[in-house]
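Worksheet for the structure shown next.
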Ligand code: KIV
């Protein structure tokens, strides 16, 4: 008799219920091996469009396509069992109309099997968020620094450093929460503003460069592991894997140059000799 042990995944509703509760742990992952490691600890894993910069060496997330997001979403889904998987909607895949957003969000859900999508923007996207949620698409919002708007923001700049900017950012956060999003990424905003957003919205806030005042935190995995070159100022280092990769690659190169077989010596030995 076979016994099936089914581990149920965290759902968007589980995350929603964590408002003001145990802090929510999340990280990005784009590939199967990394996702499998992160799955052991994360409540949700974001297949972020930051993959454009981290994996593909692009200058921004603007050129990232829906097909890229779907391929990486599929890889992360295959390697994980427990965490909620959230896939970013890339620039150009949702802003044109509510219908375009729904069509592409449904492609992401159907083709990856993930549990939710994330999109950037506040007030201007609230109607779209409501349209998606009412039709069965769990949506995570993203306000503050919204990297897809790099060309209109004039760079990756912290938001809300001036108190005069606060009302607009607060209005963005409240609009996305009221539209039915299950949680909200708050990126690169001053601590008192993050605290005020967290107090005002009914859904969990997930901070990135937005202090510990949020209901949970997210970091780009490769940044916190020390694998990427240009790391934002707010990222604390939890490792320096680039150094270890360099050492391993150099050790391998030395073996090759010394004409030593780069593996256990016996592997290709003829049997009995
Ligand atoms: O794309 C991404 O990795 C993100 C995080 C920075 C929140 O949106």
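Glycine residues also receive a Cβ, built from the backbone N, Cα and C atoms like all the rest.
Annotated 3-methyl-2-oxobutanoate binding site per TrEMBL: 49, 50, 88, 118, in sequence order. Listed in sequence order, the residues of the same chain lying 6 or more apart from residue 118 (3-methyl-2-oxobutanoate binding site) and placing their CB within less than 8 Å of its CB are 46, 48, 86, 87, 88, 89, 139, 140, 141, 142, 185.
Annotation comment: TrEMBL describes 49, 88, 120 as Mg(2+) binding site.
Within 10 Å of the Cβ of residue 187 (active site, proton acceptor) there are 23 other Cβ atoms, across all protein chains. Summarising the annotation, TrEMBL assigns active site, proton acceptor to 187.
Cβ packing within 10 Å was compared across the binding-site residues 49, 120, and the lowest neighbour count falls to 120. In three-state terms derived from DSSP, residue 49 (3-methyl-2-oxobutanoate binding site) belongs to neither a helical nor a strand segment and is classed as coil. Same-chain residues at least 6 positions away in sequence with a Cβ under 8 Å from that of residue 50 (3-methyl-2-oxobutanoate binding site) are, in sequence order, 28, 61, 147, 220.
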